[in-house]
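The transmembrane segment feature in TrEMBL is assigned to 6-26, 38-59, 71-95, 107-129, 154-178, 190-209, 238-257, 277-299, 305-328.
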């Protein structure tokens with residue numbers, strides 16, 4: 001059922017493109033422009049997804065598999081990834097879907113991201129990951145909604161029902177999404193509430209489809225890019241994650257063409273290509289070091305209330321803010 005990865009990817013790509021969803025912009029805009037439009041979208045998505053994933057898990061359709069905790073990797077990798085997304089001009093999902101829109105800087109960033117993630121996971125820098133793995137923390141679970149051995153979550157650490165933790169989390173996210181004012185509305189074909197609901201519905205379906213192929217996780221980006229490099233370089237078989245990446249690009253391209261937004265775009269200054277290559281390099285290294293990117297950790301892991309994903313996401317934001325301030329904030 002690898003083909004389901006392609007289908008899920010197409011749907012995800014359409015949502016990302018129609019909603020103009022990029023988490024680099026979401027994090028950066030809060031600091032630089034005091035604009036929380038995309039962060040409200042993110043908050044609503046995370047809150048709703050925490051419930052939809054739990055419903056599927058409680059029904060026995062999926063088994064939640066929170067990522068293992070690695071303090072060093074989550075913090076160091078998260079911060080590096082956050083810096084990289086600003087330099088690359090987009091997060092992991094942002095440069096992926098913009099590849100389908102015809103943005104040439106996204107092509108360069110995505111290529112650097114894919115190659116470096118592969119090198120960090122399986123090649124030149126893999127020794128670093130082997131060393132990091134010595135400090136990985138997992139827990140054994142008796143609750144059937146979780147895989148037998150996973151990373152710790154807020155619920156497992158506190159010894160409370162996942163439902164209690166998720167309902168409290170949903171309440172906090174709803175408060176932020178609807179209780180905090182925003183000064184702007186974005187020109188997009190899909191408003192932020194609709195985009196959030198669609199992703200929250202797609203997420204558990206993606207998890208179910210992915211798990212049927214042996215990959216017990218939901219939406220992601222980094223592993224898919226690593227697989228595509230392996231397919232090309234090592235003649236490895238295409239897996240669900242790799243098919244998902246192809247689907248995102250195809251879906252974004254279809255959406256952009258249908259909306260008359262597809263266009264080959266090049267930067268005014270060719271030096272921008274060097275910057276996005278560096279950003280892609282840092283994102284690839286950072287994502288593998290952290291154990292996930294803004295999709296694997298932030299969009300998929302945080303709704304499971306995985307400690308690793310929460311820590312990594314905090315440092316995605318801190319790294320993003322650091323580089324955003326350096327590039328843009330000092331000019332104010």
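Cβ coordinates are placed from backbone N, Cα and C, and glycine is handled just like the others.
Just so you know, TrEMBL annotations are computer predictions that nobody has curated.
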Positions whose Cβ lies under 8 angstroms from the transmembrane segment (154-178), at least six residues beyond its ends: 39-41, 43-44, 46-48, 50-51, 54, 139, 141, 143, 145-146, 196, 303, 305, 307, 310
Dominant neighbour of the transmembrane segment (277-299) in 6-26, 38-59, 190-209, 305-328, by Cβ pairs under 8 Å: 305-328
Other parts of the chain folded back onto the transmembrane segment (305-328), taken as Cβ under 8 Å at six or more residues beyond its ends: 23-24, 27-28, 31-32, 50, 66-71, 74-75, 77-87, 150-155, 157, 162, 165-166, 169, 286, 290-292, 294, 297-298
Tertiary contacts of the transmembrane segment (38-59) (same chain, 6+ residues out, Cβ under 8 Å): 19, 21-23, 25-27, 29-30, 145-146, 162-163, 166-167, 169-174, 176-178, 180, 182, 186, 192-193, 195-197, 199-201, 203-204, 207-208, 218, 298-300, 302-305
Seg_contact(the transmembrane segment (107-129), the transmembrane segment (71-95)) with at least 3 CB pairs under 8 angstroms, min sep 6: yes
Positions whose Cβ lies under 8 angstroms from the transmembrane segment (190-209), at least six residues beyond its ends: 1, 4-5, 7-8, 11-12, 15, 18-19, 21, 37-38, 40-41, 44-45, 48-49, 51-53, 55-56, 61-62, 177, 216-219, 240, 244, 299-300, 303
